[in-house]
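These notes are about the structure you will find just below.
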Amino acid sequence: MTIQKILKMKNKEKIVMVTAYDAPTAKILEKAGVDIILVGDSLGNNVLGYDSTIPVTLEEMIIHLQAVRRGAPNSFIVADLPFLSYGYSIEESVKNAGLLIKNGANAVKIEGGAQNCEIIQKCLNIGIPVMGHIGFTPQSLNMFGGYKVQGKEESAKKKLLDNALALENCGVFSIVLEMVTESIAKEITEKLSIPTIGIGAGRYCDGQVLVFHDIVGLNPEFKPKFSKMYANTFEIMLNAIEKFKMEVKDKTFPSKENVFEEGGK
């Protein structure tokens, strides 16, 4: 996959993007043939035990990005710039974006709208592709006052559209639309020449992204309306561990076939 191929998919073929935070997951996604692997700062919620993406550091992102690249050597990987790794300084923002590219990303994702255009253009000038992200932006959780759908009021719709157009003009190759009304997502998708990728943004985006853990049911108690659980992996893994525990306790594991004998194989 390349940026050029992603751009050509608009209005032709739906783009599939899924998160990964480690090598085994990345291997599964590459085998499945997803179009884009996202190393999201959502690793904070899904892997590191944080209650939001805000505590995630650049160093943590790099460690997980490296693991994903090792697991999916041939995939197109986008990595998030985490909170406080960009925005306060153009130079630091571009440097940190470059570190993600150096460590295995094909592109970086930056949350926010027109306010990031100077950073985006500086990144593009030195060869760093950028994916935009508007709507509900998790790093701004405290500003939103919680996980709230965006774009319900006319003023909010206008702001979303203005930011989408500004990002396209800045040179991003695609935009994630998160937790916005289906109507504004449809309008944005129709007015942009670059692909939109939705998460909780309805049926009319050019692609869809979901968190791996939500797809496979690793946290079955978390059931956001916009997501879908395709398997209950939590129960499968729990049953496996319980069986192992039981066999150790009743001394049926290890069995003869699991041990080494003198003169044997």
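Note that Cβ sites are derived from N, Cα and C of the backbone, with glycine treated the same way.
The Cβ of GLU178 (active site, proton acceptor) has HIS133, ILE134, GLY135, PHE136, THR137, PRO138, GLN150, GLY198, ILE199, GLY200, ALA201 as same-chain neighbours under 8 Å, each 6 or more residues away in sequence. Taken residue by residue with DSSP, GLU178 (active site, proton acceptor) is part of a strand. The active site, proton acceptor annotation in Swiss-Prot covers GLU178.
Applying an 8 A CB threshold to same-chain residues 6+ apart, the list for GLU111 (Mg(2+) binding site) reads ASP80, LEU81, HIS133, ILE134, THR137, PRO138, GLN139, SER140. Annotation source Swiss-Prot lists Mg(2+) binding site at ASP41, ASP80, GLU111.
The annotation 3-methyl-2-oxobutanoate binding site is assigned in Swiss-Prot to ASP41, SER42, ASP80, LYS109. Within its own chain, LYS109 (3-methyl-2-oxobutanoate binding site) has LEU38, GLY40, VAL78, ALA79, ASP80, LEU81, VAL130, MET131, GLY132, HIS133, VAL176 as residues 6 or more apart in sequence whose C-beta sits under 8 angstroms from its own.
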Neighbour-count leader, CB within 10 A, binding-site residues: ASP41, ASP80: ASP41
Residues flanking the 3-methyl-2-oxobutanoate site, with Cβ no more than 8 Å from the Cβ centroid of ASP41, SER42, ASP80, LYS109 and excluding those residues themselves: LEU38, VAL39, GLY40, LEU43, THR53, VAL56, MET61, ALA79, LEU81, PRO82, GLU111, PRO138
